[in-house]
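K.L.:
Dropping the structure in here first, questions after.
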Amino acid sequence: MSMAGGWEAGSGHVVWCEAVTHLHRFSPLIAEVFNTYSNIATLMAGSYGLRRAWKLGLPLAFYFADLCLMCVGLGSMVFHATRSFYGEMMDELPMSAMAFGYMWCLKGTHRVTSGRSWSVVLAVYSMVVAVAWGSYLLYGWYDVFTTSFTGQVIVSALLSLDAIRVAGTRRDMYTWWISLSMILVGRALWGIERHLYFTGRCPTSTLELSFWLHPAWHALSGWSHALWMLSVSNVACQARKKRA
């Protein structure tokens with residue numbers, strides 16, 4: 001694909017319902033207005049995380065993960081506004097880097113992320129990110145990318161749950177479960193939107209609740225990230241003190 005072709009409208013691999021029923025309906029410059037502007041919630045979540053990391057002096061990994069979320073939000077805005085291949089890459093690729101950041105946040109908090117095990121985890125995660133990026137960029141294998149990203153997130157979530165169980169507070173645990181609930185609801189809404197698209201039943205009116213499934217995914221996933229980062233910050237700081 002040429003450099004110019006990568007910015008062509010419709011050159012992306014993934015099509016969302018808003019592009020089917022409301023393409024440029026509200027703006028000649030923005031293809032999917034609501035899918036674009038709903039990423040403001042994602043940017044707010046990332047900004048909250050960065051401000052909190054600065055205020056509390058959290059480890060560098062927290063800055064990295066929140067910056068990745070900001071990149072995801074900005075990339076998603078570009079993608080939904082242009083429906084271009086490069087916009088899609090700007091949306092999707094930072095996601096795998098963000099998932100890498102989740103594991104980095106857990107360094108030293110669990111036996112799997114401590115000592116020699118950390119080197120193994122680092123190598124495996126780096127390989128997963130490389131495979132995910134390569135399969136997406138070279139072959140357009142979206143399912144491989146999403147599966148690898150989901151796997152990364154699940155592993156980090158389970159390790160963080162165990163770390164919080166051992167060394168966290170009750171508030172940390174509550175926050176973790178709220179984060180999980182938000183991402184599960186968001187992922188379910190994402191899946192319903194995909195089902196509507198693939199079955200040719202995309203909502204034709206903004207008055208239908210199903211029209212807002214993908215915007216809701218943006219808000220829920222962004223703030224689920226913020227709450228997960230909040231839930232693990234305590235054990236991460238404890239781990240850093242032990243290494244000092």
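Just so you know, glycine gets a Cβ as well, placed from its N, Cα and C.
Pulled the feature table from TrEMBL, pasting it below:
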type: BINDING; residues: W16, E18, E32; note: Ca(2+) binding site
type: TRANSMEM; residues: 60-79; note: transmembrane segment
type: BINDING; residues: H80, H214, H218; note: Zn(2+) binding site
type: TRANSMEM; residues: 85-106; note: transmembrane segment
type: TRANSMEM; residues: 118-138; note: transmembrane segment
type: TRANSMEM; residues: 144-161; note: transmembrane segment
type: TRANSMEM; residues: 173-192; note: transmembrane segment
type: TRANSMEM; residues: 212-237; note: transmembrane segment
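Any idea what these are sitting next to in the structure?
P.N.:
There are 28 other Cβ atoms within 10 Å of the Cβ belonging to E32 (Ca(2+) binding site). For the recorded site, E32 (Ca(2+) binding site), the DSSP three-state label reads coil.
The C-beta environment of H218 (Zn(2+) binding site), restricted to residues of the same chain at least 6 apart in sequence and closer than 8 Å, consists of N35, S38, N39, A41, T42, G73, S76. The DSSP secondary structure for H218 (Zn(2+) binding site) is helix.
Here the transmembrane segment (85-106) has Cβ contacts under 8 Å with residues 1, 5-8, 11-14, 59, 61-62, 64-65, 68-69, 71-72, 74-76, 78-79, 113, 121, 125-126, 128-129, 132-133, 136-137, 145, 148-149, 152-153, 155-156, 159-160, 163, 225, 228-229, 232, 236 of the same chain, all six or more residues outside its ends.
Counting same-chain residues at least six beyond the ends of the transmembrane segment (118-138), those with a Cβ under 8 angstroms from any Cβ of the stretch are 89, 92-93, 96-97, 99-100, 103, 107-108, 112, 144-145, 148-149, 151-152.
Sequence-remote contacts of a segment are chain residues at least 6 beyond its ends whose Cβ falls under 8 Å from one of its Cβ atoms, and for the transmembrane segment (173-192) they are 157, 160-161, 164-165, 210, 213-214, 216-217, 219-221, 223-225, 227-228, 230-232.
Residues 16-18, 34-35, 38-39, 41-46, 48-49, 52, 56, 58-59, 61-62, 65-66, 69, 73, 76, 98, 102, 105-109, 157, 160, 163-164, 167-169, 172-173, 175-176, 178-180, 182-183, 185-187, 189-190, 192-193, 196, 206 of the same chain sit 6 or more residues outside the transmembrane segment (212-237) yet have a Cβ under 8 Å from a Cβ within it.
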K.L.:
Are there residues of the same chain, six or more positions away from E18 (Ca(2+) binding site), whose CB falls under 8 angstroms from its CB, and which are they?
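P.N.:
Listed in sequence order, they are E32, V33, F34, N35, H80, F211, H214.
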K.L.:
List the residues in the vicinity of the Zn(2+) site, defined as same-chain residues other than H80, H214, H218 with C-beta within 8 angstroms of the site's C-beta centre.
P.N.:
W16, E18, E32, F34, N35, T36, S38, N39, S76, P215, W217
